[in-house]
Structures are given as structure tokens and as C-alpha cells.
Amino acid sequence: MIIDTTEVQAINSFSILESLKEVYGIIWMLIPIFTLVLGITIGVLVIVWLEREISAGIQQRIGPEYAGPLGILQALADGTKLLFKENLLPSRGDTRLFSIGPSIAVISILLSYLVIPFSYHLVLADLSIGVFLWIAISSIAPVGLLMSGYGSNNKYSFLGGLRAAAQSISYEIPLTLCVLSISLLSNSSSTVDIVEAQSKYGFWGWNLWRQPIGFLVFLISSLAECERLPFDLPEAEEELVAGYQTEYSGIKFGLFYVASYLNLLVSSLFVTVLYLGGWNLSIPYIFVPEVFEITKRGRVFGTIIGIFITLAKTYLFLFIPIATRWTLPRLRMDQLLNLGWKFLLPISLGNLLLTTCSQLISL
């Protein structure tokens with residue numbers, strides 16, 4: 001039997017070509033993910049620097065100034081220091097829960113970025129249930145905190161984990177009801193559709209004006225979800241040393257630190273998407289994609305402009321949670337639970353009822 005070498009070479013080259021296509025496909029699939037992770041990392045470093053500078057301004061003192069120009073590398077220096085610190089394990093604790101807890105907290109928050117549109121259709125997962133997927137994923141983080149508190153075998157850590165779980169449950173429900181009201185107004189649960197529904201009238205089309213009560217409830221609930229003052233009871237220094245973080249050191253403590261700022265950034269991004277018009281300009285009847293959709297370069301430029309607008313709104317909004325840290329006193333645990341269950345929950349239910357009635361009347 002004679003084998004044609006030309007056919008063999010053609011088959012081999014075809015198989016090599018197919019395998020190269022698969023490799024390129026995997027690479028192109030990973031590039032957006034790595035780009036998003038890099039962008040999120042830079043975003044967190046910027047938030048840390050902003051918080052230190054704004055806090056210094058509020059307290060009339062000098063902020064970080066030695067690590068890089070204007071102290072912009074101070075957060076990077078702190079992170080590097082944590083990387084090289086010793087990783088201690090509690091002698092009588094549950095080491096598996098102790099080690100898994102920080103990872104669950106960080107991963108659940110990172111997954112929330114999948115449904116955030118940074119510009120026109122610049123989103124990793126444009127799902128029809130995008131906002132509710134974010135709520136479902138973010139509710140996993142307190143499980144990691146509770147595991148960390150329990151695995152530490154420390155009464156302060158365990159109390160901090162219990163507080164984190166109770167606080168998350170109390171404020172998750174009003175937050176969900178506010179998101180449901182926005183979903184009813186936009187006739188969609190997709191984050192992209194919600195932004196596009198606010199694009200027609202520019203600044204006046206923002207859901208902030210159509211849902212002022214919902215915006216205030218969402219703001220308070222998101223601050224509680226991020227455990228920012230006045231809702232930082234899970235890690236109250238005067239009561240619980242450092243809460244569920246008490247026994248942690250090194251990179252694991254750094255993961256909690258990163259998770260806190262990741263959660264703050266994702267909450268601010270969702271405020272921008274749900275209430276502040278997302279990537280759109282604040283000029284009536286001017287929709288960013290339609291302005292730059294003429295050429296390929298125009299599309300790229302429009303995408304960059306959309307990213308810039310989204311981030312500008314997000315970082316401007318971040319001034320509110322940073323300022324409240326040095327303005328409002330910490331609540332007691334009973335006050336926190338009463339605020340969530342007896343005040344915010346009825347208000348968010350009433351807001352949802354009003355939104356539903358207005359939508360039914362407009363049919």
C-alpha cells in the first residue's frame with residue numbers, strides 16, 4: 001500500500017491549523033478577563049489613595065506623600081509588605097475554614113464585575129438577569145466571613161462573623177427591592193438595557209430623579225453591605241479588636257483588605273449603572289454609541305469615552321462613602337437591625353408598590 005506523502009502533509013498541516021485556532025480562541029477569551037482584573041486592581045489602588053487623601057483633607061492633616069509622587073504608590077507599598085509577612089494559623093482553629101474564608105469573600109465579589117457594563121456593550125456577560133445575578137453572587141461573601149470567624153476559634157472573630165451575616169441579611173432585602181423597582185422602570189433586568197433606558201433625556205433621564213427614595217435606600221444598604229462606617233460593626237475596633245480579621249496576617253489579611261475595597265468599587269459602579277446613566281453623556285438626546293458609530297475608529301473612541309464617563313461618575317460618587325467614614329458615628333447592633341428591618345424594608349416595599357402602580361397606569 002502506497003501512502004501519498006502530500007496528503008499526509010496536508011492532513012498534518014490542517015490538524016496543526018485547527019489546534020492553533022483553538023489556542024488563539026482560548027487566548028482571546030482570556031485577554032478580556034485579564035484586562036478586567038488588571039483594571040480592577042488599578043481601580044482599587046486608586047480608591048485607597050483617594051480615601052487617604054480625602055480623609056487627610058477632612059481631618060486637616062498631611063496624607064501620604066513619600067511613596068511616589070503625591071503618595072500614589074503607598075497602597076502598592078502596603079500590599080507588598082503584606083505579601084512578605086508571615087502567614088500564621090490558629091493552633092486550635094479549623095485551618096480549612098480559616099484558609100478558605102478570605103478566598104470565598106474575594107472571588108464572590110470579583111464575579112460581580114462580570115455583569116457591569118463599562119461602556120456600550122463592553123461587558124463580559126450581558127445577561128437578561130444581570131442585576132439579580134449580582135445580588136445572588138454578592139450574598140455569598142458573608143458566608144466566607146462567617147467561615148473565617150468560626151475557623152479562627154476566637155470569640156471576637158466569631159462575633160464579627162455573626163454580625164457580618166446578620167448585617168448582610170438585614171440589608172440585602174431592601175437592596176433587592178430597590179433593584180426590582182429599577183428593573184420594573186426599565187422593563188429589563190439586564191444592566192445594558194437599564195443604562196440604555198436612561199439615555200434618551202440625558203441628565204434628566206437618570207433613574208436618580210425617577211427613584212429618589214429608592215436611591216437613598218440603595219445608598220444606605222450598599223454602605224451596610226460594604227461594612228463602611230457607620231455600619232462597620234463586624235470589625236469594630238473598640239468592641240471586637242478587628243472582628244473576623246483578628247487572627248489573620250500576611251496575604252490572607254490582605255485579601256480581606258482587597259475584598260473591602262472591591263466591594264466598595266462594585267457598589268459604586270452599580271449606583272452609576274442603575275441611577276446615574278452609566279456610560280452616557282448628560283446631554284439630552286445625545287447617545288454616546290450613536291455619535292461615534294460611523295467608523296471603526298469612532299467606535300473605539302466612543303468605547304473609551306464611555307469607560308471614562310462611567311469611571312468619572314463612579315469615583316465622584318465614592319466621595320460620599322469616604323466622607324461618611326469621618327462624619328457619622330457607629331451605630332449599635334440593635335440600631336443597625338432596627339434601621340434595616342423596621343425602616344428601610346417598609347420604605348423599599350412602599351417604593352416598589354408605587355413603582356408598580358405607576359407602571360400599570362402607564363400601560
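Residue positions begin at 1 at the first shown residue.
In case you wondered, yes, glycine gets a Cβ from its N, Cα and C as well.
Pulled from Swiss-Prot, these are the features on record:
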TRANSMEM  30-50  transmembrane segment
TRANSMEM  104-124  transmembrane segment
TRANSMEM  127-147  transmembrane segment
TRANSMEM  248-268  transmembrane segment
TRANSMEM  300-320  transmembrane segment
TRANSMEM  343-363  transmembrane segment
Cβ contacts the transmembrane segment (248-268)/the transmembrane segment (343-363), at least three under 8 Å, sequence gap 6 or more: no
Positions whose Cβ lies under 8 angstroms from the transmembrane segment (104-124), at least six residues beyond its ends: 32-33, 36-37, 40, 130-131, 133-134, 137-138, 140-141, 143-145, 147-148, 191-192, 195, 255-256, 258-259, 262-263, 266, 269-270, 273, 278-279, 288-289, 302-307, 310-311
